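A.B. asks: This is the feature table in TrEMBL:
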| type | residues | note |
| --- | --- | --- |
| DOMAIN | 1-30 | domain '4Fe-4S ferredoxin-type' |
| DOMAIN | 36-65 | domain '4Fe-4S ferredoxin-type' |
| BINDING | Arg292, 317-318, 331-335, 348-355, Asn369 | FAD binding site |
Amino acid sequence: MGINVLLDKCTGCTLCIKACPFQAIEMKEVEGFPRKKAVIDLDKCTLCNACVASCKFTAIEIKAEKETSTDLFHYKGVWIFAEQREGKVQSVAYELLGEGKKLAADLKTDVSAVLCGGENIEEEVANLFAYGADKVYLLHHDELKDYKSLPYTRAVSELITKHKPEVFLLGATTMGRDLAARLAIRVGAGLTADCTGLAIDPEKKILQQTRPAFGGNIMATIIAPNNRPQMSTVRPKVFRKAEKQAGRKGELIKFNPILNPEDLVVKLIEILKDESVKVNLQEAEIIVSGGRGIGDAKNFTMINELAKVLGGAVGASRATVDAGWISAHHQVGQTGKTVAPKLYIACGISGKIQHLVGMQSSDIIVAINKDADAPIFKVATYGIVGDVHEFVPLLTRKLKEIRG
Ligand SMILES: Cc1cc2nc3c(=O)[nH]c(=O)nc-3n(C[C@H](O)[C@H](O)[C@H](O)COP(=O)(O)OP(=O)(O)OC[C@H]3O[C@@H](n4cnc5c(N)ncnc54)[C@H](O)[C@@H]3O)c2cc1C
């Protein structure tokens, strides 16, 4: 990507200076022109587009610089971002490694993990090898101990520029979403957010990135043929971890990032955990979810009881969250959590696509619905056509009897 001021059109009106949030523009004398013109400091410019939008004279343009096929040929390998919190690699990284390995096999290349952190972070490297990383790029710096947008963006973008991966996957987490967008701009890559499926085009060998579009009513497959790396974010639990092979070895490549003073303007003072979030749906092995078919907020009691007897967590459809029957922490689906438990019991949930994208990778799905044509039955392993008010308490009672 590049940004240009078209000097013939620029009137020196200074609107762009006011619009630029990064103080990256100044009016300067330019040889051959009687008036001062806008000059952009490319070190400060983030290509945010604010100046382009503000210019009444269409005198500023941002252009994607199309790389030639020879340039693209230099990009090799599949990378995943190994997100860590408090020094522990998060499970989304292992899920990305599992999928990254398949993509790498189709591209006949290797899969690498990018791990940033402070003191003791090297202890996590062995796990990344065990879950399938052929290489680990270790970026060690005190300022990378906890996630901060600017130092992480600087460090990882420099690594990308140096080693040129053809595919880079990140978790669609708070951290991954922030970092991916910044990196994509910094390195001029195409980025597809919240993918639910990834594949390699067998002929063109490019990444096909599938994600819900138009409110989840269609699945769109997106490609980025002219830019590298091809970047995607993927929500936790969309893919499965590869089998862990303890003792598996790989290549460790240490990279010392050079951070500039402007990368260090944000100081992390304290991390406060949201203690109100008591449900960890994404880690639960059993989830019992209630939908509008349960009829009322108070009927979540029967969902809670079934979940309790099974030792599981309580999920919900958006309809019940929107109705105020249960908090949004429980919502499963496109705008809620993506889950993949061993057992998912859907009680009175119709199975609209926005709900299905959040739970269809569960190992066993049991659906209870009084409508035999409800779409949830298309993904269900076992379907019970019946009334939740009869079936759920009966099941809970029987399970209690069996468990004594
Ligand atoms: C952009 C966007 C994002 C969205 N994100 C999400 C999301 O993240 N998660 C999500 O869930 N939805 C999401 N939705 C909403 C989604 O489209 C559906 O509206 C919602 O999932 C419906 O919830 P439901 O299945 O509980 O309700 P309904 O669709 O109303 O289904 C209720 C079901 O209960 C059955 N039923 C009724 N009474 C009984 C009974 N006594 N016993 C047994 N069965 C009974 C009915 O047959 C019916 O199938 C989103 C929508 C949009 C546009």
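Cβ from N, Cα, C; glycine included.
What TrEMBL says about a protein is an automatic prediction, not a curated fact.
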A.B. asks: What is the one among the binding-site residues Arg292, Lys352, His355 whose Cβ has the most other Cβ atoms less than or equal to 10 Å away?
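C.D. replies: When each Cβ's neighbours within 10 Å are tallied, His355 tops the list.
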A.B. asks: What is the number of residues in the domain '4Fe-4S ferredoxin-type' (36-65) that are helix, strand and coil, as DSSP sees it?
C.D. replies: 5 helix, 8 strand, 17 coil
A.B. asks: Please report the number of other Cβ atoms within 10 Å of the Cβ of Ile349 (FAD binding site).
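C.D. replies: I count 31 other Cβ atoms within 10 Å of it.
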A.B. asks: Hey, what's the Cβ neighbour count for Gln331 (FAD binding site) at 10 Å?
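C.D. replies: Summing over all protein chains shown, Gln331 (FAD binding site) has 23 other Cβ atoms within 10 Å.
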A.B. asks: Sort the residues of the domain '4Fe-4S ferredoxin-type' (1-30) into helix, strand and coil with DSSP and give the three counts.
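C.D. replies: For that range the per-state counts are 5 helix, 8 strand, 17 coil.
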A.B. asks: Would you identify the secondary structure of Lys352 (FAD binding site) according to DSSP, in three states?
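C.D. replies: Where Lys352 (FAD binding site) sits, the three-state DSSP reduction gives coil.
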A.B. asks: Could you list the residues of the same chain, at least six apart in sequence, whose Cβ is under 8 A from the Cβ of Gln334 (FAD binding site)?
C.D. replies: Pro212, Gly216, Ile353, Gln354, His355, Val357, Gly358
A.B. asks: Could you tell me the mean pLDDT over the domain '4Fe-4S ferredoxin-type' (36-65), as a whole number?
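C.D. replies: Summarising the domain '4Fe-4S ferredoxin-type' (36-65) by its mean pLDDT gives 90.
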